[in-house]
Ligand SMILES: [Zn+2]
């Protein structure tokens, strides 16, 4: 038994927009993993925060005629609520605009300064003369200098994932005024990434990255590491850089430090967790980041480099996932389908989305396609017809003729053992985040169990006046309910609502270590509907709401 802690994080949602299905993909992925690890007795702390700084927040609040603080406060409440609606339970959901974060940003900044990792340099930056503002990367669009995809932001390419500076873009335009921005001289602060090249070249082989990510990073080393600009001109909403008037820390400098400050805030309320012990350079604890593939560069190069330079521990695992596509289109704020968490929950349940995502997610950096034409068919076929049906068809006899009592022994121990061995396979699938394999194994188990009930056909042999027949029916139905118990235990990290209702029905709390222990001579509750079939109209109503936006 290990007494170390695992800290699990998701990328921080930005404070100027609502949580959508793309955010949920990552948070549900992480939440499933956290729930599984906890079921196995591991100590896991799951945190996240809102990314509250940057020009976009400033401009959005101006538009709404409120302060940036009011905007980020309102968004924080909305985000927390959205995640709770999908049973994504963070131990702490905080913000990067906090005194703790300011403290750690300043502390790390001063260490970097002392160790000579920072230098000032005059550069030319794009300036929107119509709006009188230096343009942040996300406010400039142009053609990617590497793969020549049009309409890419000024910091990285969504198509080829390359990182560049806005001045590298071909044919740049300000998205504020749609004019061609001018280059203007300004002094900035750079983090000397090339100084850490040797460290990074070793670190990337420490098993922390997925293999496709490792290959991508090797390419980036060939292109060469460049000093990283960590400052931004005013007007900006963020933290001022000490002794550098009118300059702010770039949001990508203070956002990852938010992992540290959010954890610090958690420790404040959980005195048994030792903050220093967790972040020290030789920490025995584990740190895992779930991220989208668009921010691999920041997490696999900048972030470990900053941590190394600041004498802090590095991540244990960085788990990147692909993009979500809905009906073959990439979801995006500006184009394509955009389904918000709060809209989904008006028409559909949280478990169905969690299950669907799990059935598509693997440990690889692959895009996830969500087909909303067939979504309801898949949920109904798997959850209603296979899994829940196993319990409902057997519960009737047990409830009505045996006062709710399951039999005293299992008649087919062999069948029970087949499902136990499936659950052993599922353990490693969960651990490796191969959730699609978990789901296909669960469906295999359900097929085997339903086949058993079909063959035995208790409804054909039941005879109230014949004790032998009655006994056989009780045995068949009890075994079937015990197989259901194994299946639903494996499904518990994925579908917490269904698991909770099943626990009430089975009259137990589902624990991983109890998978091997069948329920014998045990009283179950009266069967109530565990899951409602999804009607295609529910999806149609959802899509109607979303296209109206
Ligand atoms: Zn590109």
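Placement of Cβ uses the backbone N, Cα and C atoms for every residue, glycine included.
Because TrEMBL annotations are produced automatically, they should be read as predictions rather than curated entries.
Model, not experiment: these values are computed from the prediction.
Marked as domain 'Methionyl/Leucyl tRNA synthetase' by TrEMBL: 7-394.
Sequence-distant contacts of the motif ''HIGH' region' (13-23) (same chain, at least 6 residues past either end, Cβ-Cβ under 8 Å): 48, 50-52, 54, 56-57, 60, 71-72, 75-76, 78-79, 82-83, 95, 292, 323-324, 326, 331, 333, 338-342, 344, 353, 370. Per TrEMBL, motif ''HIGH' region' is recorded for 13-23.
The DSSP secondary structure for residue 160 (Zn(2+) binding site) is coil. Cβ environment of residue 160 (Zn(2+) binding site): 144, 146, 147, 149 lie under 8 Å away, each six or more residues apart in the same chain. For 144, 147, 157, 160, the entry in TrEMBL reads Zn(2+) binding site.
For 330-334, the entry in TrEMBL reads motif ''KMSKS' region'.
Taken from TrEMBL, the feature ATP binding site covers 333.
Here TrEMBL flags 417-520 as domain 'Methionyl-tRNA synthetase anticodon-binding'.
Mapped onto DSSP helix, strand and coil, the domain 'Methionyl-tRNA synthetase anticodon-binding' (417-520) counts 80 helix, 0 strand, 24 coil. In terms of DSSP helix, strand and coil, the motif ''HIGH' region' (13-23) has 3 helix, 2 strand, 6 coil. The Zn(2+) site is defined by 144, 147, 157, 160, and by the 8 Å test on Cβ atoms against their centroid, the other residues of the chain that qualify are 145, 146, 148, 149, 152, 158, 159, 161, 162. The secondary structure of residue 144 (Zn(2+) binding site), as reduced to three states from DSSP, is coil rather than helix or strand. Cβ neighbours of residue 157 (Zn(2+) binding site) (same chain, under 8 Å, six or more residues apart in sequence): 144, 146, 147, 149, 164.
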